[in-house]
Amino acid sequence: MTRKFSGDTLLVATHNKGKLEEMAHLLEPFGVKVVGAGDMDLPEPEETEDTFVGNARIKAHAAAKATGLPALSDDSGITIDGLNGAPGVYTADWAETGNGRDFMMAMTRAHDELVACDAAKPWMAQFRCTLVLAWPDGHDEVFEGVAPGHLVWPIRGKDGFGYDPMFVPEGHDVTFAEMDRWEKNKISHRGKAVEQFVAGCFG
Ligand code: IMP
């Protein structure tokens, strides 16, 4: 039996503004306000695991322990078939410049590696999201969502964040960055994982 979340404010263990905004939008209909790890001055723990769920657990438990509150983390990324699943858990790392994150650089790398290995088109890929809700007593619940699609070049669209401008979700011909937030959240990996979270932990 899934442990229920009670309360009207949820601590989301992320410093990523894009994720936080989407989470706030997704949870608004359930009367839940979100507060980010940055708002509570929580440090960003090192993500030392090689799975999405492992890293999501690290972030959620660190935040729950530091605050004494239930904390929800999101570990997500993109897996590209033609690159044997890369960048996967290293999706954010591909954008690391040493002085912040540059997603144009990360998308260019994905494109260049696909071209270099002569990957067959369409370039199939999946956005993946693992959510972990952790309580201060060490209990946790895990929820997962996947959005299948393909990659396009050149990139298109100005909305969203991260790799959104190069990802066209299955059944659509526009990228996530060409959709408004409402449209993206209905079909995204994060939207699907939040659906599971709400079904399991609310009501
Ligand atoms: P992490 O979960 O903090 O390790 O970072 C995951 C990375 O995946 C983010 O920095 C984004 O670049 C990328 N990502 C995750 N979800 C999305 C999304 O919905 N759109 C675009 N990029 C995403």
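Even glycines carry a Cβ here, placed using N, Cα and C.
Per TrEMBL, these features apply:
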- T14, H15, N16, K17, G18, K19, S76, F161, G162, Y163, D164, K184, H189, R190: substrate binding site (BINDING)
- E46, D75: Mg(2+) binding site (BINDING)
- D75: active site, proton acceptor (ACT_SITE)
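Among the binding-site residues G18, E46, D75, S76, G162, D164, residues whose Cβ is positioned under 6 Å from ligand 1 are identified as D75, S76, G162, D164.
In this structure, D164 (substrate binding site) is part of a helix by DSSP.
T14 (substrate binding site) falls outside any helix or strand according to DSSP and counts as coil. Rounded to a whole value, the Cα-Cα separation of S76 (substrate binding site) and E46 (Mg(2+) binding site) is 15 Å. In this structure, the CA atom of H189 (substrate binding site) is 23 Å away from the CA atom of E46 (Mg(2+) binding site).
The most densely surrounded of the binding-site residues G18, G162 is G162 (count of other Cβ atoms within 10 A of its Cβ). Under the three-state DSSP scheme, H189 (substrate binding site) falls in the helix class.
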